[in-house]
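J.: There's a structure below that I have some questions on.
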Amino acid sequence: MLWPCLLALLLSQLNFLCAARPGPGPNFLLIMADDLGIGDLGCYGNRTLRTPHIDRLALEGVKLTQHLAAAPLCTPSRAAFLTGRYPVRSGMASHGRLGVFLFSASSGGLPPNEVTFAKLLKGQGYTTGLVGKWHLGLSCQAASDFCHHPGRHGFDRFLGTPTTNLRDCKPGGGTVFGSAQQVFVVLPMNILGAVLLAMALARWAGLARPPGWVFGVTVAAMAAVGGAYVAFLYHFRPANCFLMADFTITQQPTDYKGLTQRLASEAGDFLRRNRDTPFLLFLSFMHVHTAHFANPEFAGQSLHGAYGDAVEEMDWAVGQVLATLDKLGLANNTLVYLTSDHGAHVEELGPNGERHGGSNGIYRGGKANTWEGGIRVPGLVRWPGVIVPGQEVEEPTSNMDVFPTVARLAGAELPTDRVIDGRDLMPLLLGHVQHSEHEFLFHYCNAYLSAVAWRPHNSSSVWKAFYFTPNFDPPGSNGCFSTHVCMCHGHHVTHHDPPLLFDIARDPRERHPLTPETEPRHGEILRNMDAAARAHVATLEEAPNQLSMSNVAWKPWLQLCLPSKPHPLACRCAGDG
């Protein structure tokens, strides 16, 4: 039995060495889910959702059990994934309340001078494609400049949405502007209503006789506030929820019927068109972010409502794309990677109060915070004949690692004019090294350094120190339900001095902070981590803030519409799909 095992190992190493030579390397299929929790997949312990096709990747490849997103929100995490750099380096981390782009006509986005893995691979002769969600900006100064468009960042083909999927994009899905509604609608209406009532009572009691025009102005102000909000919600969907093929809008607003099937079909078409040339396909699902949707054959079929239906439909789509690889004879020369952009959104509730977020398994917290539930994500890597199937890697890894891994396998040189924070995964996946190359990882909440993780090579521990943590609301819960997601500053957080210390190798639930009494090296560990944090911060160079209020605000001159409806307020029309 020993000789077959040794022969298989030798062949895998020879295949890897051949693939690492200059020239065309393997093909790449990179799959990213949106808001998927690590506890939502069978291969990570879920027993009530059916994910056989994703689980197949775990059986036929490597399962990363401590795979971490570089940020707990969509936009910054995706920027880090594409560039291999912490999002704060590219200005893709917010200093304010809003950490993502909500409007298609915002001027912020992934800066044109950033290098993505798609750009690198184009230089190596690869054909590159993006199917699905982008969420990294569209235009800068004019609607037609497309400075942030996927096509400007190395993708030869783009079919999907330049923004994201939101509740407001689907009729009946509710709205993400509930908290804003309280500030900008309910509060002003209450104040104006109180003023109107006070004037009426004063007039009735004979205490004062306010002029009639004051009544008129107050009523007009109430009508203006209410009307503006209704108009905003009415036009938000067509203005921000649409599909593009390359640089052309094909459907506005997005029709969710058959959407996942269409994305899977486009992915299959891309594979067939490029079967004879090296390719990179980034399949970026709109599942399982709200608004939830599923075709009739999946709707109502899971044990977890609309969320579970979306997970199972996405798994079906993964299976369709993997089957296409098999039919084309491309599976053995294609590295497949699957992940989520961050943890599940635990505060996400449906219009009727039902749970619409996923599961982060045993891990605390979720989307928008740096507890493990917000940043620990699925990580599956398959490459038949090269990566030994059925492995588990427990070392800390990052979604930023995809950038240098893909670059090296494709024979591309990494940029030398900037810091690359990701590390090549292949030595770890092949068993050439036993420890992660990430001795330290830095966890940001927007642009603020929230926590540091340390994996010392002379220990089995993984230390994690929090400089601040979110204030869950209501207290004792596992999220920030009053604000829909946790905030990163001000009264929304609690700062810790000394930092809150955990050993997540022994306490992955982050329930038992260590103290000098429970950990004799407590002070030494924190000093080492603080020194690493200061050294890291010293490498940061100031970058224009792409998520400033001026950059995330809606700009009418950047609004795109179908050619038949050129005015920004007349975008409510469907294309041919």
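Glycine too: its Cβ is placed from the backbone N, Cα and C atoms.
OK, Swiss-Prot features for this one:
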type     : residues  : note
SIGNAL   : 1-19      : signal peptide
TOPO_DOM : 21-183    : topological domain 'Lumenal'
ACT_SITE : C74       : active site, nucleophile
MOD_RES  : C74       : 3-oxoalanine (Cys)
ACT_SITE : H135      : active site
DISULFID : C140-C147 : disulfide bond
DISULFID : C169-C241 : disulfide bond
TOPO_DOM : 208-211   : topological domain 'Cytoplasmic'
TOPO_DOM : 234-577   : topological domain 'Lumenal'
DISULFID : C445-C488 : disulfide bond
DISULFID : C480-C486 : disulfide bond
DISULFID : C561-C571 : disulfide bond
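Could you place the listed features in the three-dimensional structure?
T.: Summarising the environment of C74 (active site, nucleophile), the number of other Cβ atoms within 10 Å of its Cβ, over all protein chains shown, is 25.
In three-state terms derived from DSSP, H135 (active site) belongs to neither a helical nor a strand segment and is classed as coil. Taking Cβ-Cβ distances under 8 Å and a sequence gap of 6 or more within the same chain, the neighbours of H135 (active site) are C74, T75, R78, V100, F101, P162, T163, T164.
In sequence order, S107, G109, C147, H148 constitute the residues six or more apart from C140 (disulfide bond) in its chain with CB-CB distances below 8 Å.
Mapped onto three states, the DSSP output places C169 (disulfide bond) in helix. For C169 (disulfide bond), the count of additional Cβ atoms within 10 Å of its Cβ stands at 25 [all protein chains shown].
Counting residues 6+ beyond its ends, the topological domain 'Cytoplasmic' (208-211) has Cβ neighbours under 8 Å at 199, 202 in the same chain.
Other Cβ atoms within 10 Å of the Cβ of C445 (disulfide bond) number 29 in total over all chains.
Taken residue by residue with DSSP, C486 (disulfide bond) is part of neither helix nor strand, so it is coil.
The Cβ of C561 (disulfide bond) has 20 other Cβ atoms within 10 Å, all protein chains considered.
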J.: Counting only residues 6+ apart in the same chain, whose Cβ is under 8 Å from the Cβ of C241 (disulfide bond)?
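T.: Spatial neighbours, sequence-distant, of C241 (disulfide bond): T161, T163, N165, L166, D168, C169, Q252, P253, T254.
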J.: How does the topological domain 'Cytoplasmic' (208-211) divide up by DSSP, counting helix, then strand, then coil residues?
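T.: Grouping H, G, I as helix and E, B as strand yields 0 helix, 0 strand, 4 coil.
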J.: Return one of helix, strand or coil for C480 (disulfide bond), based on DSSP.
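T.: Reduced to three states, the DSSP call for C480 (disulfide bond) is strand.
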J.: Using Cβ atoms only, which residues of the same chain lie under 8 Å from C486 (disulfide bond) while being at least 6 residues apart in sequence?
T.: G365, A368, N369, C445, P470, F472, G479, C480, H492
J.: In the structure shown, with every protein chain counted, which of the disulfide-bonded residues C147, C480, C488 has the densest set of Cβ atoms within 10 angstroms of its Cβ?
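T.: The most densely surrounded of these disulfide-bonded residues is C488.
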J.: Secondary structure at C445 (disulfide bond) (DSSP, helix/strand/coil)?
T.: strand
